[in-house]
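Listed in TrEMBL:
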TRANSMEM  B:20-37  transmembrane segment
TRANSMEM  B:49-69  transmembrane segment
TRANSMEM  B:75-97  transmembrane segment
TRANSMEM  B:118-139  transmembrane segment
TRANSMEM  B:151-169  transmembrane segment
TRANSMEM  B:190-210  transmembrane segment
TRANSMEM  B:230-254  transmembrane segment
TRANSMEM  B:319-337  transmembrane segment
Amino acid sequence: MTELNLLPLTGILVVVLGFALRFNPLLVVTAAGLITGWAVDLNFSELLATFGEKFMNSRQLASFLLILPVIAILERYGLQNRAKNWIANIKGATTARILGMYFVVRESSAALGLLSLAGQAQTVRPLLAPMALGAAANQHGELPKEVKDMISAHSAACDNIAVFFGEDIFIAFGAVLLMDAFLKENGIAGIEPLHIGLWAIPTAIFALIVHLFRLARLEAKICNKIAEIRQQEAQNKSATSEEPA
Amino acid sequence: MSAVIHSPQAEAPALLSIENIYLLIGFLVLFLVVKTLQDKGHPKRYTTALFWMLFGNVFLFGDLSIALIGETLTYQWVGVSVIIIALLAGMGKVSMGTYYTPSDEELDQSAKTIGNKLFIPAVLIPIITVICTLFLGGINLGGTYLFDQNHLTLASLTLACGGALLVAWKFTSGSPIQAIGESRRLVDSIGWAAILPQMLAMLGGVFIVANTGTAIQDIVTMFISPDNRFMLVVLYCVGMALFTMVMGNAFAAFPVMTAGIAVPFLIQGHDASPAPLVAIGMYSGYCGTLMTPMAANFNIVPAALLDLKDKYQVIKVQIPTAIALLIINIFLMYGVIFND
């Protein structure tokens, strides 16, 4: 048996520990990189160059910054308010129905390769979350911050889950090509991207079922949460208003 | 998950080339740096400006620097910048500034005046992007492509943002310059999380150089019983999820875990069917993506964008779905990959 070399794993340990101790993630990741390099005796200037090279070659990850000016100006002129008021005029629009509908549309469009059709910056913040909040406010009146956060977080989760489990069905998507290239490199022949895409469908359907089931229960959860907060407020009020007004 | 597969296609000149898009991002960030410096009420004005300036420099001067002083020196100064960026963020020197916030009445009033036209620019971004990607991608003006052929979606998205900005200018009374200034509020609320994905790509690079993948394979080999099919499937799926949580990216975890467990033990050892194996394996990794703050642009950036009090709340909401799907994936994989 060959000797087990665990030194390259120090970085993973640093990441896990850094998170457990709640250090800033940028610091944790940089430290993990530096310590891994040190543990495997990498030349420091080479390590610096590796840092720089990978950072530069992944600059396209920052492209979402380009969307922000459009969203910022539209919000400055009331986009979120408009979205809320628009939903207020639709009868039967509930938070769960809006999120559920979005989930289905997002997952199916991702399966067709239309990934850039939506996203956290371009749809969730300016449109989906305000609509989901508007529908809830329609039913329950002014929402407490806690409930608002819960609905917003669910909106963000809908976008993530729908796009993740839809995208691998689309055979020209990077993940599918990555898997295909990996199999070919490892000498496993006879698999086409189409096969991989087809095998993504069962999980995609399960994701739809599981998440729509959770959304169906969201409405009751919102009601309970609001009732709980109102009751607490009422108790606090009666406690403070014992003195005659 | 935005994937970037570099095809070895020949470099053809393009108007909206990836280099020009980086320059555009660089100018955008530089403008925000100037705005930050002008913000007299900003509690950490200089350090926040320095943070974004170091980041913007990489976009503005990175390619130029490679042309002038070569790759090695450029990568080294970028590496030094990255470490200073991490230190500034780690010491809490990057913060929100002060911004003009219109009242709710003002917003309602303006929303009422402009009406549903407010939706048009937001809806135009995806529509233009898709049209350009699918139908206009090959436009060629006398030897120069309009869109970068290797980064078609990104180039289309850039054009779409520009177009939407112009339309927004027409419908609102705000100018594009004002729009960029307004976006400082959004960028500041995202803060350091905007840079984490690039930092993780960097860490992945170091792990490759350090042969971390081989070390993981060695450990797996020590603890595995090659006869227990079900445990092998569990180990592969859970391993994909856990390693994805550490790396923040299922694409980084996939080659390591698949080469370490799936290929030797499942495909070669038990004659498992490769297509469902890798498809479900990758999806198990995505379950991990839903549960980790390392996947910043999916989990932490939205929490900032939506002004959530708890920045882990998106993750908390996703965990039940992620765990349910991970369990389903394990049984699904066990049920379909073995042919006998």
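Positions of Cβ are set from backbone N, Cα and C atoms, glycine also.
Unlike curated entries, TrEMBL annotations are predicted automatically.
Between the transmembrane segment (B:190-210) and the transmembrane segment (B:75-97), three or more CB pairs separated by 6 or more residues in sequence fall under 8 Å, so the two stretches touch.
Nonlocal intrachain contacts for the transmembrane segment (B:20-37), taken as residues 6+ away from its ends with a CB within less than 8 angstroms of a stretch CB, comprise 45-46, 48-49, 52-53, 55-63, 97, 148, 151, 154-155, 158, 180-181, 183-184, 187. Note on the transmembrane segment (B:49-69): residues 19, 22-23, 25-27, 29-30, 32-33, 36-37, 77-78, 81, 84-85, 88-89, 93-94, 187, 192, 195 of its chain, located 6 or more positions outside it, place their CB under 8 angstroms from a CB of the stretch. The stretches the transmembrane segment (B:151-169) and the transmembrane segment (B:118-139) meet in space: the count of Cβ pairs below 8 angstroms, excluding pairs fewer than 6 apart in sequence, reaches at least three.
Long-range contacts of the transmembrane segment (B:118-139) within its own chain (CB-CB distance under 8 A, at least 6 residues past either end) are made by residues 111, 145-147, 149, 152-153, 155-157, 159-161, 163-165, 167-168, 171-172.
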